[in-house]
Every structure is written in structure tokens, then in C-alpha cells.
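Per Swiss-Prot, the features are as follows:
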MOD_RES   2  N-acetylthreonine
BINDING   21-50, 170  NADP(+) binding site
BINDING   153  substrate binding site
ACT_SITE  166  active site, proton acceptor
């Protein structure tokens, strides 16, 4: 198992065309990754809650008719189940799944975070990932192949004031990923991936204007896409960093 291993692969690595499912695809890292993968000739399957944002993304994807974007809420088990059926029917079983959908609490001490806000972070960041695993891993098992990337965070390996719910959710992702890695068949891989510090809406909610000092999602996506596309069964159980 690799702990917090940085990836330094070449951006021009040539890999076979893949079908990649990305949750939370309509903005931030998910959107940037989708655009980069499509540009490289891979098929993107994506989900998000906003149909308006999905429509906008569809028009920007290279070879836009090859991709499938669906409205779904990962917090809802039934929504993910329905999405899985639709994806298998229209595109088959994804080669790679990137569990990217996530949210963060407004900067607050834990005793100032409402129960509703705490639940929303956990339901999205932890239960949302579990829902995807529940419905897609059984589809991958018979093929004895498939890569699952669960987006973690530096705050899933450390702690920070004012974002305790988010930290807890990402620590959960680290543990969930390591445990599930021991449950899948040989040939598959489940990893936790710390994307690094990127200038997204989520970061802005924590850092304010200082978020603009960090790299943009599209620059990050070039490195992240190469890393994700080159993951193998040998990476199973890894705790990785872009």
C-alpha cells in the first residue's frame, strides 16, 4: 500500500480509450477532469444535480455526442440505483469511476454547525460514495477489472479548525477506500486520491479570495487525468496524491 504518494507521470502517456464515470461533474474538479478526458478521446459519463450546468458542459465536451450526462443526486440511494441501470443500458460498465461529488460546511466551530449542515456533508461525501460503490462494484466484479477513485483531501489525512465535518468525511473516505480495497477481486483497484489544493468554489468557501493563489482546475486536470488513466490493479488500497 502506498501512503500519500505523489504522481509524476508524463502528461502525454498514451492509453487505450476508457469509459469514465465522474460524479459531481458539473463544476470544479469534476468538470475540469471531464473536459480533459474528452479532449483525449475518452468517453465521459457524468452526473450532477443541475440539468442546466450539465447542458452547458455537454456543449463543451469534445465529440459531445459520445458522452452521457445524467441528473442524479448521489445522496439518494434510489437515484444512484436508477443511474446505474441507465448507464449500463446506454454505455455499459464504466472502466473507471471517480467519486468526486462533494461539499463542505461553512467555516464554523463544530458546536456552531447545525445538525442539518453536518448531515449534508456526511450524506454527500460519505454516503454518496457508498451509494455509488453499492451499485457499481457488483457490475465490475464479474469482469475482474475496474478502477475506483474516491476523492479525498489533505484534510482527510490531517485536521483543520472550522471544517471538522469535512475533515471527518474525508477521513472516512480514506478508511472506506482501504477497507473496500480488501473486498474487491484481484484485477480491480480502489484508491483514495488527494487532489491537492485547487482554486474551486469549495476552496473559496474556506479561504476566501486567497483561493485564487492556487492552481486552476484545468491545469490540475492535465496531471490528474494522466494519473487516473494510468492506475492499475497494483495501486489497489493506495492513498495517493496528485
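Using N, Cα and C of the backbone, Cβ positions are placed for all residues, glycine too.
Here the features listed in Swiss-Prot are placed on the structure.
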residue	record	Cβ contacts under 8 Å, 6 or more apart
21	NADP(+) binding site	45, 46, 47, 87, 94, 96, 97, 98, 136
25	NADP(+) binding site	31, 34, 44, 46, 47, 48, 54, 57, 69, 100
29	NADP(+) binding site	100, 151, 195, 198, 200, 217, 220, 221, 224
33	NADP(+) binding site	22, 98, 100, 221, 224, 225, 228
37	NADP(+) binding site	18, 20, 44, 225, 229
41	NADP(+) binding site	17, 62, 63
49	NADP(+) binding site	26, 71, 72, 73
153	substrate binding site	166, 167, 170, 194, 195
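In the shown protein chains, 24 other C-beta atoms lie within 10 A of the C-beta of residue 45 (NADP(+) binding site). Reduced to three states, the DSSP call for residue 33 (NADP(+) binding site) is helix. The local packing around the residue listed as 'active site, proton acceptor', expressed as other Cβ atoms within 10 Å of its Cβ over all shown chains, amounts to 24. Reduced to three states, the DSSP call for residue 45 (NADP(+) binding site) is strand.
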